[in-house]
Amino acid sequence: MAGSRLPRQLFLQGVAAVFMFAFASLYTQIPGLYGPEGILPARRTLRPQGKGRWQQLWETPTLLWEAPRLGLDTAQGLELLSLLGALLALGALLLSPLRHPAVYLLLWAAYLSACQVGQVFLYFQWDSLLLETGFLAVLVAPLRPASHRKQAPQGGRAGALPHEGLPFWLVRWLLFRLMFASGVVKLTSRCPAWWGLTALTYHYETQCLPTPAAWFAHHLPVWLHKLSVVATFLIEIAVPPLFFAPIRRLRLAAFYLQVLLQVLIIITGNYNFFNLMTLVLTTALLDDQHLAAEPGHSSRKKTATSRPKVLLATLSLLLELTIYGFLTYGTVHYFGLEVDWQQRAVHSRTTFTFHQFSQWLKTLTLPTMWLGVASLAWELLSALWRWTQVRGWLRKLSAAVQLSLVGTATVALFLISLVPYSYVEPGTHGRLWTGAHRLFGTVEHLQLANSYGLFRRMTGLGGRPEVVLEGSYDGHHWTEIEFMYKPGNLSRPPPVVVPHQPRLDWQMWFAALGPHTHSPWFTSLVLRLLQGKEPVIRLVQSQVAGYPFHKQPPTYIRAQRYKYWFSQPGEHGQWWRRQWVEEFFPPVSLGDPTLETLLRQFGLQDKSPPRARGANSTLAQALHWTRTQLSPLEAPALLWGLLGAVGAVRVVQALLARWSLQSSPAALAIGEKRRPAPQKDPGATSEPATPAPSPCSSHSRTTRRKK
């Protein structure tokens, strides 16, 4: 198997990029979400319970416990963490020396700290995925850059250590768990849209934040939507076991299928950094040979191949073709694919029952765990074999210590991950080794392993529910309060905001799926808008002048529930159409008994004003100045600006590296060697070499060259 040096570097750079986007996106929303005048002030989440410092830190692992020591409140500490996290991630993305375990440990700890006070706005699966991936990056990152290691003997990979590939295998296992569980839950949920293969006829229209491309995708033929659902099941359920295939062409095929799915999702939906994170995980399916990183692999001379190697290659090809044939047959059989040549369509239907699928899942879940065990055992044996090739007793001892530590951590994390993975099949979860359950329970609050399952049920089958806020000064004339990103204005096209996640807009989508009492934070949002709090207003409209009540807060606020649909082709100037359904939140004003009752019921009343902590400290003033400078920028523009800056720096780095390589003494020496030597006269006789040629002999050779 080819090496994984370059894929590991791509993975580490990708994780740094996602951390940068996540921290920067969160930073822009902290005052409105968690500030003293925000929707859910963070200061309410951290209350000392009289416990010891280390016990308190272990039970609620967040660095924000130390914010008062810096003269900052919780929200200011969160701002500081987000800024430092974004800058540190930017450095790791651009500078290879910063791709160090300590740096990724700091990034992971900072984001975990934010999630501890993030409440409902940081309870998304991609936040958990980023935490789990970030911790794996701590193990994948090398302690020393490869350039500081000695050349491996006998043409081996430069500085390759025996344990290097072990943590990277956990990335592949995480990708498997993510994709397999996401496919399985669509069927175990008994959602009629998924079972009827009609989910994508609703998805593009009802997803949280569609893109303009989603409108066009929504109007594709129904048969193509159903075929796309079949392809989704194939990519998410049938293909992931190929991640562990011994044949690299199968792994590469699985890689490109996963990339295709993620790219299509990015084009049609604003899912912040989630799809980018998944693409980063797919680097575990690549190798140096595929990325043209194997030294000298392109200039290998063709040599006679032994008969056993030819036989092995033939068997591999036959196995590969058999697997492709099995996948094709299974897809056609279980989804009843039929080609209709007259209508130029491919019809599909589900030919198996929920009971049959449940039995299949019960039979297969445990073997997939054993597949992971077998694959990990192979990686461990390979690492052990590489350790036997290490020369020198001191280096061998050092490599043995590192291999023991990393191997133990890899096995432990694998055992921990089996518990959340087994949630896909309750019977298997109950039969799992009790030691794994105890180990998982010990570190569950650190989110080192999580359960996943995206798009479990398709919502909005009768039209996407949407909550529209309205304000009024007199209670009779109402003005709609339009959000920047979620659907509202019928003539406004859907935005493109990836990789930013407007967390309030996302929660508004969830709130519309049920009564407002299921979303207690919504009452706090109404209160802050009635009070005219600018940090919250900036979550609705980043440019305060675009907010309809920017001069004076509304006296009354209410909310209506609508159903939205994409407009039909030919309705020029319209992207949406809607229909009123019901009142979502009653008209209230400040001091209204209904509002006060809801605030008291949900524990959202401001019982005591926030203490002014460190308002005049140097650090607090620096944070305030930074916020003032960045606040005019919209969050997507800020993130795209960071992306553009990274691209520009990378171009400059590439040009400087090329210039340095060309001007180095080694490159000049190679150029001298490649320069063609002057040709001698064919009729001239060769002269014997002399230690120090005389001027006459030099003159005679020059004369012959002129002739």
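Each Cβ is built from the backbone N, Cα and C atoms, and glycine gets one as well.
According to TrEMBL, the protein has these features:
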COMPBIAS  682-700  compositional bias 'Low complexity'
DOMAIN    123-292  domain 'Lipase maturation factor 1/2 N-terminal'
DOMAIN    448-586  domain 'Lipase maturation factor 1/2 C-terminal'
REGION    667-707  region 'Disordered'
TRANSMEM  12-30  transmembrane segment
TRANSMEM  80-98  transmembrane segment
TRANSMEM  105-126  transmembrane segment
TRANSMEM  253-274  transmembrane segment
TRANSMEM  310-332  transmembrane segment
TRANSMEM  369-387  transmembrane segment
TRANSMEM  399-423  transmembrane segment
Tally the residues of the domain 'Lipase maturation factor 1/2 C-terminal' (448-586) by DSSP class, grouping H, G and I as helix, E and B as strand, and everything else as coil.
33 helix, 34 strand, 72 coil
When only pairs 6 or more apart in sequence are counted, do the transmembrane segment (253-274) and the transmembrane segment (12-30) reach 3 or more Cβ pairs under 8 Å?
yes
Within the domain 'Lipase maturation factor 1/2 C-terminal' (448-586) only, compute the mean pLDDT.
94
